[in-house]
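First up is the structure itself, then whatever we jot down about it.
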Amino acid sequence: MKGRVLVIEDDIEIASIIRKHLTRENYDVNWSSTGSEGLKDFNKDKYDLVILDIMLPEMDGFMVCKNIRLISNVPILILSAKKQELDKVKGLKLGADDYITKPFSLIELEARVENNIKRYKGDNKKSQKQDVWSYKQGLKIIKDEMRVTVNDDEIELTAKEFALLVLMAQNENKVFTKKDLYENIWHQNNLEGNNTITVHIKELRQKIKEDVKHPQYIQTVWGTGYKFIGEKV
């Protein structure tokens, strides 16, 4: 198998053509028909590349691209129509790696898929040792094993708490609004009247032995959200 590809495209005919062609070329291909479904599928499994349409129901391609890029450096290939030049530029600025214009050649699509996956796998081999993150204050995150320790003591986190910690830790000093965190971890848009993030951050801080008055890891940015400030060793 050459790689695992997630196609997020609401046009059934286009998605079917892409899936059949790449499958014949020895790729494992999954398909999602909406933005929110695609994001959920991406978080449930590991992929080597995402083919992403911009005009999607429920959650547009820009939001999907933004959320994927927060947690992964997997290549994102945008599908865009000729009249959507500005959309194409916006997608690239949000972190997409490549684009192809509709209507497109399947041979060109396959070449772009192959080149992006080769680059991605090569980059991953170079960075495999970076999956354990240690901090001066005693926190250690073992990402691949979904484990966290503080001063060598094992800390039991829920799946959502671990996802929150990893998301913020791999984006050091980036300010996340509660809405950002909710959309990326819970894959839902409506946060109004919901204190889910506040409760989870409070629990997470207690478990990693955070001094809220003098934070070492998760800092509250008043009126905005939170950011991770841990200092790596």
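Just so it is clear, glycine is given a Cβ too, placed from its N, Cα and C backbone atoms.
As given in TrEMBL:
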DNA_BIND  130-230  DNA-binding region
DOMAIN    4-117  domain 'Response regulatory'
DOMAIN    130-230  domain 'OmpR/PhoB-type'
MOD_RES   D53  4-aspartylphosphate
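Secondary structure from DSSP puts D53 (4-aspartylphosphate) in a beta strand.
Along the domain 'Response regulatory' (4-117), the predicted structure has mean pLDDT 91. Non-local neighbourhood of the residue listed as '4-aspartylphosphate': I8, E9, D10, D11, I14, G61, I78, L79, each in the same chain, at least six residues away, with C-beta under 8 Å from its C-beta.
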